[in-house]
Amino acid sequence: MSDMHSLLIAAILGVVEGLTEFLPVSSTGHMIIVGHLLGFEGDTAKTFEVVIQLGSILAVVVMFWRRLFGLIGIHFGRPLQREGESKGQLTLIHILLGMIPAMVLGLVFHDTIKSLFNPINVMYALVVGGLLLIAAECLKPKEPRAPGLDDMTYRQAFMIGCFQCLALWPGFSRSGATISGGMLMGVSRYAASEFSFLLAVPMMMGATVLDLYKSWSFLSAADIPMFAVGFVTAFVVALIAIKTFLQLIKRISFIPFAIYRFVVAAAVYVVFF
């Protein structure tokens, strides 16, 4: 593979990762399809995907740095809570409660989960995840009990964490599982999405570091330019995707995302079967 060709592949996959990582459409499904079409598969490809995920995580940190510092009691500039707003406050405890279920299951069944990374499982996960998005839109309370992040209860945070366990099924979509769970628990669509992004930082960071540690032997100095291009591309595109997504969900439901998931599932079937 020539240098220019590998850098082009890195840029394309970085765009795919950045666009899909935090949308409820399954980045795994997209990466499997695009990687296959580009002929970029195998151990190096898996390690590359782990590295560019760090770029997406960095985008969330940049977007929500004020809120993330606030979770540990460090506030910059204006306070997060204004007069007339909820007397509640999103805390680190909410994040920990949201992390525990999937973190425990992920650590215990890490190798088993990795064995599920194949097109047929991803295809089924895309469909089931789409059905969950539709169910969340149809069954959510008419008036959310938690309109904003600071209105969320510990119970809601923990239940969202339980829904996040569904994302251990490759192709399900972590954001799709957590946002759907939040809406079913009475959290507004926007607040559930914000919480999903905040929850992504420790969850994805932990999983990515673990994967990177186990994949370290597949890294070589010759891969650094390719990995760097993928990382930077994923970071920039993820920033744009997150901002656009948060504006978009103020105006539309998640039904279009569910339909899109069904289309991607069909694409997986066509490409691999």
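Along the chain as shown, the residues are counted starting at 1.
Backbone N, Cα and C atoms are what each Cβ position is placed from, and that goes for glycine too.
Away from its own ends, the transmembrane segment (6-26) comes close to residues 34-35, 38, 40, 48-49, 52-53, 55-56, 59-60, 122, 125-126, 129, 133, 171-173, 175-176, 179-180, 196-197, 200, 225-227, 229-242, 245, 254, 257, 260-261, 264 of its chain (Cβ-Cβ under 8 Å, at least six residues beyond either end). Swiss-Prot lists 6-26 (among others) with the feature transmembrane segment.
What Swiss-Prot records for 45-65 (among others) is transmembrane segment. Cβ atoms under 8 Å from those of the transmembrane segment (45-65) belong to residues 10, 13-14, 17-18, 21-22, 31, 35, 194, 197-198, 200-201, 204-205, 208, 211-212, 215, 218-219, 223, 226-227, 230-236, 238-239, 242-243 of the same chain, restricted to positions at least 6 beyond its ends.
Long-range contacts of the transmembrane segment (90-110) within its own chain (CB-CB distance under 8 A, at least 6 residues past either end) are made by residues 67, 70-72, 149-150, 152, 154, 157-158, 160-162, 164-165, 167-168, 178, 195, 198-199, 202-203, 206-207, 210. The annotation transmembrane segment is assigned in Swiss-Prot to 90-110 (among others) on the grounds of sequence analysis.
Summarising the annotation, Swiss-Prot assigns transmembrane segment to 116-136 (among others). Residues 24, 26, 28-29, 32, 166, 169-173, 176-177, 179-181, 183-184, 254-255, 257-259, 261-262, 264-265, 268-269, 271-273 of the same chain lie 6+ residues outside the transmembrane segment (116-136) yet bring a C-beta within less than 8 angstroms of a C-beta in it.
The annotation transmembrane segment is assigned in Swiss-Prot to 190-210 (among others) on the grounds of sequence analysis. Among residues of the same chain six or more beyond the transmembrane segment (190-210), those with a C-beta under 8 A of the stretch's C-beta atoms are 22, 50, 53-54, 56-57, 60-61, 63-64, 67-68, 71, 90, 94-95, 98-99, 102-103, 106, 110, 144, 146-149, 151-152, 157, 160-161, 164, 174-175, 178-179, 181-183, 242, 245-246, 249-250.
The transmembrane segment feature in Swiss-Prot is assigned to 222-242 (among others); the stated evidence is sequence analysis.
Same-chain neighbours of the transmembrane segment (252-272): 23-26, 29-30, 32-33, 36-37, 119-120, 122-124, 126-127, 129-131, 133-134, 136-137, 173, 176, 179-180, 189, counting only residues six or more beyond its ends whose CB sits under 8 Å from a CB of the stretch. The annotation transmembrane segment is assigned in Swiss-Prot to 252-272 (among others) on the grounds of sequence analysis.
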